[in-house]
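Everything on this sheet refers to the single structure shown next.
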Amino acid sequence: GCCSPWNCIQLRACPCCPN
């Protein structure tokens, strides 16, 4: 999902991703 570490690298706009 959006909050997975890999997707947080790719999709930094996700609300649960840092930065």
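Placed from the backbone N, Cα and C atoms, the Cβ positions cover glycine too.
Sequence-distant neighbours of C16 (disulfide bond) (same chain, 6+ residues apart, CB-CB distance under 8 A): C2, C3, C8. Marked as disulfide bond by Swiss-Prot on the basis of similarity to another entry: C2-C16 (among others).
DSSP classifies C14 (disulfide bond) as coil under the three-state reduction. Here Swiss-Prot flags C3-C14 (among others) as disulfide bond, drawing on similarity to another entry.
In this chain, no residue six or more apart from P5 (4-hydroxyproline) has a CB-CB distance below 8 Å. Look at P5 (4-hydroxyproline): DSSP puts it in a helix. Sequence annotations record features per position, and here Swiss-Prot assigns 4-hydroxyproline to P5 (among others) based on experimental evidence.
Residues or ranges marked as disulfide bond in Swiss-Prot (evidence: similarity to another entry): C8-C17 (among others).
Cβ neighbour count for P15 (4-hydroxyproline) (all protein chains, 10 Å cutoff from its Cβ): 6. According to Swiss-Prot, the feature 4-hydroxyproline maps to P15 (among others), an assignment based on experimental evidence.
Annotated 4-hydroxyproline per Swiss-Prot: P18 (among others), in sequence order.
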Sparsest-packed of the listed disulfide-bonded residues (C2, C8) - C-beta count within 10 angstroms: C2
Cβ neighbour count (within 10 Å, all chains shown) around C3 (disulfide bond): 11
